[in-house]
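Enquirer: Got a structure here, written out as structure tokens. Questions coming.
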Amino acid sequence: MAYRVLGRAGPPQPRRARRLLFAFTLSLSCTYLCYSFLCCCDDLGRSRLLGAPRCLRGPSAGGQKLLQKSRPCDPSGPTPSEPSAPSAPAAAVPAPRLSGSNHSGSPKLGTKRLPQALIVGVKKGGTRAVLEFIRVHPDVRALGTEPHFFDRNYGRGLDWYRSLMPRTLESQITLEKTPSYFVTQEAPRRIFNMSRDTKLIVVVRNPVTRAISDYTQTLSKKPDIPTFEGLSFRNRTLGLVDVSWNAIRIGMYVLHLESWLQYFPLAQIHFVSGERLITDPAGEMGRVQDFLGIKRFITDKHFYFNKTKGFPCLKKTESSLLPRCLGKSKGRTHVQIDPEVIDQLREFYRPYNIKFYETVGQDFRWE
């Protein structure tokens with residue numbers, strides 16, 4: 001009898017073991033789900049606190065789904081099984097206030113636009129000074145380098161040209177400087193085709209002094225070139241000036257101006273005196289600002305005269321703790337030229353100068 005009781009009690013033992021194993025497995029699963037849920041909530045709380053979407057990197061798929069429902073996830077890249085989606089628009093950020101310098105402000109602030117104003121000439125006339133001075137104005141954004149679009153790079157197209165420009169706000173003017181435009185035959189037509197409303201700035205200087213400065217710059221790069229006198233004349237005894245030499249031809253301003261007046265009225269061309277830019281920079285820049293239709297922000301308080309260089313420099317500003325002068329090449333000592341050569345060139349330029357004065361309605365007093 002005892003044998004039977006013991007024999008019947010034996011079979012239920014495997015069922016108890018299975019029940020215990022099932023209960024243990026269920027307990028582990030519940031623990032794992034609770035752990036995953038707590039991790040998800042912790043990451044979600046941090047994401048909300050930091051104000052940016054977070055992606056759960058753990059193994060819990062449930063946690064990932066909960067995060068995706070709560071906030072958009074922005075991982076570094078889509079997984080192979082997911083198509084890429086357009087990113088959500090960023091929250092609006094208050095625009096920082098632009099200071100007077102063109103070098104300040106967010107690089108992505110504003111829009112890249114084609115220039116509304118160009119400094120088109122002339123070489124060695126003072127164009128770099130005008131560019132650096134006008135860049136102080138908060139309503140002007142200028143390209144620092146010379147793009148040479150309308151003379152050398154026109155084939156690249158206007159989209160390429162626009163891509164070079166600094167970003168500007170609606171209230172700002174985009175400007176660039178390339179002095180060789182003034183003597184480029186195709187430049188007026190090309191600029192007109194871009195915009196017939198483009199404002200043009202031409203910095204002019206005594207053509208004899210300009211030619212000597214041009215030669216001095218070339219000599220510093222090519223010390224083996226002929227003398228200034230040798231390049232200026234075909235026959236000095238007869239006084240035959242070589243107008244094929246670029247340094248001489250650039251100074252025949254009225255001839256180049258005729259090409260521009262075929263496309264632009266004189267009211268759209270402003271002439272800056274290179275001489276007055278040295279003696280009265282605030283006055284000349286005041287007229288430039290009037291021409292561009294912006295307030296007179298640049299005044300006497302922005303300049304001081306550098307006796308070593310012999311021309312005005314910018315005082316320190318809010319964006320620059322140090323005064324700004326033009327580069328070392330500016331203000332270099334000119335080569336000594338025979339006074340008789342200078343007199344001959346003055347006589348050569350005289351009729352061109354007079355015609356230029358009459359055309360633009362200004363007497364630059366170069367005689």
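Just so you know, glycine gets a Cβ as well, placed from its N, Cα and C.
Sequence annotations record features per position, and here Swiss-Prot assigns topological domain 'Cytoplasmic' to 1-19 based on sequence analysis. Marked as topological domain 'Lumenal' by Swiss-Prot: 40-367. Annotation source Swiss-Prot lists region 'Disordered' at 61-110. The compositional bias 'Low complexity' feature in Swiss-Prot is assigned to 84-96. The N-linked glycosylation site annotation in Swiss-Prot covers Asn102, Asn193, Asn235, Asn306 and rests on sequence analysis. The 3'-phosphoadenylyl sulfate binding site feature in Swiss-Prot is assigned to Lys124, Gly125, Gly126, Thr127, Arg128, Arg205, Ser213, Lys330, Gly331, Arg332, Thr333, His334. For Glu146, Pro147, His148, Phe149, Phe150, Asp151, Arg152, Lys177, Thr178, Pro179, Ser180, Trp245, Asn246, the entry in Swiss-Prot reads substrate binding site. Annotation source Swiss-Prot lists disulfide bond at Cys313-Cys325, citing similarity to another entry.
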Enquirer: What whole-number value in Å do you get for the largest C-alpha pair distance within Glu146, Pro147, His148, Phe149, Phe150, Asp151, Arg152, Lys177, Thr178, Pro179, Ser180, Trp245, Asn246, the residues recorded as binding substrate?
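Expert: It comes out at 24 Å between the most distant Cα atoms.
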Enquirer: Quick one: pull the CA-CA distance for Ser213 (3'-phosphoadenylyl sulfate binding site) versus Cys313 (disulfide bond), whole Å only.
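Expert: With distance taken Cα to Cα, Cys313 (disulfide bond) is 19 Å from Ser213 (3'-phosphoadenylyl sulfate binding site).
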Enquirer: I'd like the Cβ neighbour count for His148 (substrate binding site), meaning other Cβ atoms within 10 Å of its Cβ, all protein chains included.
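Expert: Its Cβ shell of radius 10 Å holds 15 other Cβ atoms.
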Enquirer: Given the binding-site residues Thr178, Thr333, and counting only Cβ atoms in the protein chains shown, which has the most within 10 Å of its Cβ?
Expert: Thr178
Enquirer: According to DSSP, does Thr178 (substrate binding site) fall in a helix, a strand, or coil?
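Expert: Where Thr178 (substrate binding site) sits, the three-state DSSP reduction gives coil.
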Enquirer: Can you tell which of the binding-site residues Gly126, Glu146, Thr178, Thr333 lies nearest to Cys325 (disulfide bond) in space, using Cα positions?
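Expert: Comparing Cα positions, the closest of these binding-site residues turns out to be Gly126.
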Enquirer: Checking your reading of the structure: which of the recorded positions Phe150, Thr178, Asn235, Asn306 lie inside a 10 Å Cα sphere centred on Lys124 (3'-phosphoadenylyl sulfate binding site)?
Expert: none
Enquirer: To which of the disulfide-bonded residues Cys313, Cys325 does the lowest count of other Cβ atoms within 10 Å belong?
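Expert: Fewest other Cβ atoms within 10 Å, among the disulfide-bonded residues Cys313, Cys325, is found for Cys325.
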Enquirer: Whose Cβ, among the recorded positions Lys124, Asn235, has more other Cβ atoms within 10 Å than any of the rest?
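Expert: When each Cβ's neighbours within 10 Å are tallied, Lys124 leads.
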Enquirer: Determine, to the nearest whole angstrom, how far the Cα atom of Thr333 (3'-phosphoadenylyl sulfate binding site) is from the Cα atom of Asn306 (N-linked glycosylation site).
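Expert: It is 15 Å, counting Cα to Cα.
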Enquirer: In whole Å, how far is Arg128 (3'-phosphoadenylyl sulfate binding site) from Phe150 (substrate binding site) when you measure between their Cα atoms?
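Expert: Here the two Cα atoms lie 18 Å apart.
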Enquirer: Can you tell which of the recorded positions (Asn193, Asn246) has the fewest other C-beta atoms within 10 angstroms of its C-beta?
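Expert: Checked Asn193, Asn246; of these recorded positions, fewest Cβ neighbours within 10 Å: Asn193.
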Enquirer: Under 8 Å Cβ to Cβ from Ser180 (substrate binding site), same chain, six or more residues apart: give me those in sequence order, or none if nothing qualifies.
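Expert: Once residues fewer than 6 apart are set aside, Ser180 (substrate binding site) is near Gly121, Lys123, Glu146, His148, Asp151.
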Enquirer: Please report how many Å separate the Cα atom of Asn235 (N-linked glycosylation site) from that of Arg128 (3'-phosphoadenylyl sulfate binding site), as a whole number.
Expert: 34
